[in-house]
Ligand SMILES: NCc1[nH]cc(CCC(=O)O)c1CC(=O)O
């Protein structure tokens with residue numbers, strides 16, 4: 001078994017490479033003697049940088065080419081930020097390990113201000129996520145939200161050039177890239193409910209590769225997997241597609257799982273929230289219940305308007 005080489009298909013962004021190397025090291029630690037190599041590739045999502053993601057096909061763009069590489073036998077596994085993995089999954093593939101979650105909160109990054117509350121009216125805040133935009137506009141209507149694309153380094157450069165007074169990024173990305181010192185404030189989930197799976201790294205491979213699936217098992221972090229299962233079940237019930245203002249965030253308190261969900265209008269004019277607590281064994285059911293609560297409040301109409 002250990003004379004096999006495991007090839008990890010990865011995007012070439014700094015964060016993707018960090019995550020792929022993290023999985024490479026974890027696999028080598030779990031299976032001494034196993035050889036693990038990276039296969040870096042650029043995807044359509046990485047190449048088209050000048051168009052808002054929602055307009056060009058959304059999250060799936062970052063993943064399809066990695067799956068093609070696995071189908072063609074050029075790679076064995078793909079490593080993803082769980083946040084970027086659509087809930088609808090091709091039949092040939094499965095997520096066979098979810099690694100321990102990094103800080104899931106959104107980060108407030110600014111050179112001049114300490115937190116959202118300190119921003120004067122009219123300040124320009126950069127984010128490309130409709131989820132962050134919706135919550136910012138709902139909680140801080142006096143701020144101006146401006147689109148912000150690119151990988152983490154590009155976004156920070158745009159802030160430093162003065163195009164924004166502050167930007168919102170995922171804490172996890174900054175921490176993993178050694179830039180935790182750029183985080184001025186961790187935004188509380190009450191102010192910015194994180195995205196489904198934010199901060200968690202997942203490992204995808206073909207469902208017919210049972211030897212590989214066995215090798216991935218020690219990399220699975222059960223608490224993280226449980227939380228992400230609840231969050232993704234909510235998204236699936238909502239049929240939450242690529243770029244929609246949906247937040248979903250689960251916490252474990254002992255054996256009890258606490259799931260909060262949010263669906264809103266991108267302009268912040270509506271923001272629906274729901275939450276449930278229950279035993280961790282019912283993670284998926286909690287997700288469905290929170291989704292149905294949101295649908296009963298009118299989430300369906302909001303989402304349908306967005307998909308039009
Ligand atoms: N949407 C892009 C993306 N996908 C994953 C991360 C890093 C954090 C994570 O692993 O969830 C980011 C950057 C960001 O949102 O600021």
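For all residues, glycine too, the Cβ spot is worked out from N, Cα and C.
Computed from a predicted structure; not experimentally measured.
The domain 'Porphobilinogen deaminase N-terminal' annotation in TrEMBL covers 6-213.
The annotation domain 'Porphobilinogen deaminase C-terminal' is assigned in TrEMBL to 226-296. Across the domain 'Porphobilinogen deaminase C-terminal' (226-296), the DSSP tally of helix, strand and coil residues reads 29 helix, 26 strand, 16 coil.
Per TrEMBL, the feature S-(dipyrrolylmethanemethyl)cysteine maps to 242.
Here the domain 'Porphobilinogen deaminase N-terminal' (6-213) returns a mean pLDDT of 92 for the predicted model.
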